[in-house]
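Q: Got a structure here, written out as structure tokens. Questions coming.
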Amino acid sequence: MILKIRQFLVEIIGALLLGLSVVWLTMGRDSSLFSGWSIKWSPLWLDVKTFFLSIWLEAIPFVLLGVFFSAFIQTFVTEEQVRRWTPKHPLVALPFAGLLGFLFPVCECAIIPVVRRLIQKGMPLSVGIVFLLAGPIVNPVVLSSTYVAFARQPEMALYRGVAGFVVALIVGMLVFLFVKKNPIRLGMESQINHEADHVKTTGGKLSSTFAHAVDEFFDMGKYLLFGAFISALLQVYISRDTLMDIGQTPLTSNLVMMGMAYLFSLCSEADAFIAASFANTFSSSSLLAFLVFGPMLDLKTTLMLFGTFRFGFVVKLVVAITFLVICVTMLMPM
Amino acid sequence: MDQNKLKRHHIMRSLILAGITALLAYLILSETLSHYLAPRLHMFSYVTLVIMGLLTIVSIRQIFVGSSVYDCDCEEQHKVPRTPMGSLLVYGLFVLPIVMGFVMPDKILGSDVVEKRGITLLSNDVRKLADVTANANANVNATENVEQTAEVKEDAEPIVEPQPEVTNQGATPPVQATNDEQLRQRFSNGGFGDFYTDIAVFLHKQPVIELNDKVFLDGLTTMELYAKEFAGKELETMGFVYRQPDFTKQQFVVARFSVTCCTADASVYGVLVEKEDANKWAKDSWVKVRGKLELRQVDGYDMLVLKASQVEAVSAPKDPYVYYSFESVPGS
């Protein structure tokens, strides 16, 4: 008994120590360890805090939305329903998934738990992947914000929609043709059956929905937090000019813009405004690469994908998306 | 996995959820939420606060009735970290924002971030800025020369009337002979859409253009589009002081951060200000500037520079960021 209490204390103290060490690290070098609350913070670290909390606070509502939407599907939508609603023939089903964003306008934070749940409920993997990639781009909210941000180049919204749709479709095709093994991470399969058992045994649908929401909040939340923190650090310590100096030829400028989209981890609703602020410095084609790549893949969503799918599958997915986005945006007549 | 270990995880989670709820409530009550999020996202945070409160209650309930809800031999599959190191890492990650939010003081973004991101100046991008500065350094009379160019340019436009020189800054600005209709006519041939035409008319009508928080971004964009028409107008605005290493002693930028969703997408906009004693104002301090817009030609680009007559120090506004409105012209 005493041993257990001690273990418990160790964990609490450990968490506190970690917090304190962060506090200590973030202090200016010239201040003493315990100078009370009037610590002289290094201004750069205060900026890290601002970015970190900001990205996190922005994403939480949408992650929660995704979590609850997924819990809702889990509790109320049966597997037969998912199978019935999904078109049978892949040539119909894949474009259908690409346009699903018009029905469910979710951004990239919310879509991963939803797609994971839909795949577990029997949606074919290729269809789920197309929805995962196209959903955060081909939807009315994102396209209208792009239209607004590019006031002088309104056709950018159209290009963005088309390019996102095409890339998602091709990746879906590749998945349909080449991925035969279920890439959902080990344990997820049994977990879903197991969750269904809970619903049956406890009967309380609402309380089980909430209990699972807590689980999933911590599950997705850790990837989100880690991604947001790295992104905040990079934004404070890496200058945009450094990146711009690399990106001078057509290929490298596309790559640099994609790299920025990946690191910044912006919400797909807002990234168009950032892209527009680069309009003077970068070619339209590389801006398009930024707009298409960012919602499909960024630091925080990659971590969330690793939490959902097998390692090898995520790596292949990342390679395929990167390659296709470069090709499609370079070939886009604009 | 034994029940006690599971219970500890539930306690830890409840503490974290309670901490997040408290942090959100603190940010909302102290009205510092706008340092992190644009106003249009505040509604989501209020909803999040309620949901986090509910999740906290659910999690606390799990501490006590957890064993009955999960009364089966499958705890392994519930996603709690398995090793002490794992829990330390995961929960530390969740504790981090809570600690940061409560312990670290608030700081609004300033020059350090501008240096990393670059700035969008009136009618130009940052790369051209170096040329402007170089011009100013090389030629003391540059200002006058450029002014002349500007006037020639204006003469070339048939409908544009040249602005008379105003020597006494306190005097009332020249009365506009044009009425709204003529102004509209003048601003509608740029092909930039009704929205910017509306703003341009709205701004140009004012004797002293007041570039306040509401119209800052749209106003800047408009003046960028119609740089020639706005040359010679008087302007008053507010922002923080930003300098680049290559600036002269007479120059600084009065800048604002624009935020669309969160500060990760913040970008910087500003007006280049010139005044004799410009180096009096420290970087990142907030100032109110009033002066006259002047057109410069740089590499074939038109650029507006504010020749300040009046600069006064002010305190930072409660909401330090500016936002695009895109909906309507304020006050029209």
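The first residue you see is number 1, and the count goes up from there.
Placed from the backbone N, Cα and C atoms, the Cβ positions cover glycine too.
Just lifted these from TrEMBL, have a look:
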{"type": "TRANSMEM", "residues": "A:6-27", "note": "transmembrane segment"}
{"type": "TRANSMEM", "residues": "A:48-73", "note": "transmembrane segment"}
{"type": "TRANSMEM", "residues": "A:93-115", "note": "transmembrane segment"}
{"type": "TRANSMEM", "residues": "A:127-151", "note": "transmembrane segment"}
{"type": "TRANSMEM", "residues": "A:157-179", "note": "transmembrane segment"}
{"type": "TRANSMEM", "residues": "A:223-240", "note": "transmembrane segment"}
{"type": "TRANSMEM", "residues": "A:272-293", "note": "transmembrane segment"}
{"type": "TRANSMEM", "residues": "A:313-332", "note": "transmembrane segment"}
Q: Tell me, please, if the transmembrane segment (A:313-332) and the transmembrane segment (A:157-179) are in contact, taking contact as 3+ Cβ pairs under 8 Å between residues separated by 6 or more positions?
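A: Per Cβ check, the transmembrane segment (A:313-332) touches the transmembrane segment (A:157-179).
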Q: Six or more residues beyond either end and a Cβ under 8 Å away: which residues meet both conditions relative to the transmembrane segment (A:127-151)?
A: 86, 90, 93-94, 96-102, 104-108, 111-112, 115, 118-119, 157, 160-161, 164-165, 167-169, 171-172, 175, 268-270, 272-273, 275-276, 279, 291-292, 295-296, 317, 321
Q: Let me spell it out: take the transmembrane segment (A:157-179), skip the flanking residues so only those 6+ beyond its ends count, and list any with a Cβ under 8 Å from a Cβ in it.
A: 90, 94-95, 97-99, 124-127, 129-130, 133-134, 137-138, 143-144, 146-147, 150, 272, 288, 291-292, 295-296, 313, 317, 320-321, 324-325, 328-329, 332, 334
